[in-house]
Structures are given as structure tokens and as C-alpha cells.
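Asker: Dropping the structure in here first, questions after.
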């Protein structure tokens, strides 16, 4: 039997599909955290995966937040499953049960603890040395303690205590227990990239809870054996924790074994992270059945990496999934029809024939026709556009009509053809109306060759004078040159003006150590410096002893420059 836990940071982010990701993990029970889906966002592609049966827990208060899911292969179908740790969300018979002592919690606190979709429990049958036993898998996504929100620190500790109460109650009932997921606390200094940077590392309430929850082995950390023994004696003299960290059970002294890295600082490139994803197992199960456990830092796709555990026992599959299985939800079981089913059906054949008669052809056909016959294509497209606009014009609104005598004959190429002088005798058509108006600024450059009053005359003479002037300007090549120069000069003047008004980001300085251009950052934390910008080294965050990591260069942006 193989189990895997992975904080995927959004289940809908998998480009290759959830089935491909599940198959690549090659496990019987796959527990994922931070799905970031609520029930209204859960679709069939995610909920029902071929070869698996799934169990989801959602956040009731916020959309796109928290959420956990457990995928079991069909050969590992559980006999019982339920959502949450308190039992308040259970509304079916085939539940796991054994909820522990809740006297220290109020009813409101219990409801809030299960309101964020942080736990899914599945119960399986396993065969160990020809003996059939029960195994309960508790998939959890523990809260993060926001340092700026004291109430979240208390909420996190309450969740820890509730988790321990439930796990120990199930264990006491005779079932083996595996607790796995994102615990959101690095246990020992060896599980943190830079524990010396944290004041009172061992005094963290989450680490103290882990000390009491886990069984303390004297040989767990060889280099810190004396300190470790002293810490265990202070927190739990009898070393009475009922669960084992399976990774440290097989790798007690491995360093730089992390499961979470900051994506904002690129810390994964330098392996500057923490180990906060665990597979905990009860002591007997870990010693008798576990044959291996490790992390998978090579698997990308999230700011966390998966963690796997292998057991020697085999699974006994249930003949059918428990009622909590996602496939039994009404929207996936075929019991609930979509709203479109209640609408009147439209004959598809008649709709398609009507579209062929009224709608214009594809864009490729129109472009091909216009390239072969520009004027004819324009006439056809204009006719089709006018016909389409008449068909879709809403009632009660006036539409502009074009007389049949003044049919548009122009196309895009007509705007670039030279006009003959004979056109002056013709009435003004739509092509000429579409031309930009003639202004004094356009012809001010030609005043040295032609007089201004000829351009200001009225009537038909205005058109002829304009055409003559155009022809005269086309014959002499030296005249249009100042016009281009003037426009370029104006563009340059305007660009200088706008650059002085709208200044872009300042040029980045180079850091002192690597002599590489820095990156610009903005302070987003509330306080006196909120909104200010600063420069830091562009390299990923890492340990101070790592020359490839970010140096300590820092410089505020001077707005006066």
C-alpha cells in the first residue's frame, strides 16, 4: 500500500488534467490540500476521475480558499468516509465515528473549526500477515497562524487539539491511524532552512504541540542528541506521543529535506525552505508495516512537493464507495437536471440552414475574395453587412438607410490611388467624404510655391484648386519633405513632454556583490512604508553562506530623481 500527500495550491491549475497528475504519483490513496474549490466550482472533470473515487471538503465561508480532497484508487475503495473532525458535517450512516472529547470547545468553536474545509477522513480494510485490520487515514490542511491576527493563532492551536483528540480516539477504538497533510509547522531546527533567524524557535506553540503529539525517539537527531533529550524530558517525560514522523523514522539526520518554498523569492532554486508536510502514523503501524517514506522535491507544479509512504500490508477494497463519495452528489449522479433542459428545444437543422442564408462567410473566405477582386469584394461585404444589420436591428430604434442611387463603390485601395483632375466635375461621393478634412496646417508648408487664397475659394472651384494643388505637390518631390520633418519634430516634442510628466520606473542599480541589475519591489505591508518602492538583489533567496543566493543589497527608490 502506498499513500501520498501533496499541497497542490489549486486543483484547477493542472494543465495536463487531474488524472495525469494522480497517475504520475502512482499511489493507492492520494491526499491533496488547498484545492481552492467550493462545491459550486467543482466540475465533473475534477470530481469523477476514471479509476478513482474522490472525497471533497470545501470552505463554507470563502470561495477559492482552503479545501482538501482524498482520491482513492478503485482497488483501495474505503468502507467509510466523512468530512471534518467534529462530526457536525456527517449526515449519513457509513461514517467513521469516534469523535473524542469536545468539552474544551464550545458549539460555535466546533462549527467554525469545520467550516473551512480542512479535513477528510477515509477508513480502509488492510491485510497484515493474514490478519484483517482497520486503517483510518486523516487528510488535514492545518491553518496558518497569521502574525498580524492573534485570533488565527488561537484558531490554529484549537485545530491542533481537535485533530489530536480525534486521532487518538480513533486509535483507542482499535483502528490504525495515519495523519497526513500540510501541518504548517516545521518541527525541529533540522526541518527549517534558517532556524537561527527565528527568535525562540522551540517556544513556538505549534512546535510544542508536535512535541506532545509525536513519539520522541532519542536517536532521532544525532547531532542534537543531548539538546533533543532535554527538550523531550521537559515537554513529555514519558515520551508518550502516540504517533511517529515517518520521514524522520527512516531519515533521522538528513538535512536540507524541505517540502515548501516561497515562490515570491524563488527560494526553491536554492532549496531555502521548510518541511511542513508530514505523514504521521501510530507507533505500531510505523514499526511493523511501514517500509519507507520520503519527499519528492523533483515534482513541480506547486510551492509544495509531495511526500510518500510505503506499507507492506495490502488493501481490501470495499464493493462500493461510501455515501460521502463525490460521485453520489446530485449534480454528478444524474438526479438533477440542468436549467437548459427546461427550455424549448430548437430544431438544429433549420437553425443551421437559417445561419447559412443570413450570416456572412468565414473571415478567410472574405479575405481571399477581397484579394482577388478588391472592388467586387467590398460591394459584396457592404451588402451583407447592411442585410445583417437589418436583420438584427432591435425594434423601436431608428436605423440609417442609404439611398440606392449612392451605392458605396469604394474600398481600402481607393484611399491610396491618385485622383484625376476630371474628378472635380463629379459630385462628392462617399470616398471623398471619408477623406480627412483639409486644414491650413497641412498646406502651410506649400505656401512658398502656391498662394493661400486659391485654397480658400468656395464651390466647385475649391475642389479643382485642391486637386491642382495635390497634383502639383505630387509632381515636385522636394516639397513634401518638410511636412514629414515637421510631424517628426512635433512627435519628438510631445514624447519629451509626456516623458517628463509620466516618468517610468527608475533605472535599476547593480548590487554590490554580483554586480547584476536589481529588481524593483513595493512594500505591501501596512505601516509607514506601505507603497514605497525599493531595490533588492535579483537572485533567489537563500542562506547567507550560499554565494549563488541573494545578497543583502537594499536601496530605497528616491522619488526626487
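Cβ from N, Cα, C; glycine included.
What TrEMBL says about a protein is an automatic prediction, not a curated fact.
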Asker: Of the ranges 347-383, 384-420, 495-531, which one does TrEMBL flag as region 'Disordered'?
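Answerer: When 347-383, 384-420, 495-531 are checked in TrEMBL, region 'Disordered' belongs to 347-383.
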Asker: So around the Mg(2+) site, 7, 34, 182, 184, 303, 304 aside, which residues have their CB within 8 A of the centroid of those CB atoms?
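Answerer: Output for this site, in sequence order: 9, 33, 141, 260, 276, 277, 302.
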Asker: Please list residues from the chain of residue 7 (Mg(2+) binding site) whose Cβ is under 8 angstroms from its Cβ, counting only those at least six apart in sequence.
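Answerer: Long-range Cβ contacts: 32, 33, 34, 141, 181, 182, 260, 277, 302, 303, 304.
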Asker: Among all the protein chains here, how many other CB atoms are within 10 A of the CB of residue 277 (site 'Important for catalytic activity')?
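Answerer: Other Cβ atoms within 10 Å of residue 277 (site 'Important for catalytic activity'): 23.
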Asker: Within 10 Å of the Cβ of residue 184 (Mg(2+) binding site), how many other Cβ atoms can you find? Include all protein chains, please.
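Answerer: Residue 184 (Mg(2+) binding site): 21 neighbouring Cβ atoms within 10 Å.
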Asker: Of these binding-site residues, 34, 182, which scores lowest on Cβ atoms within 10 Å?
Answerer: 34
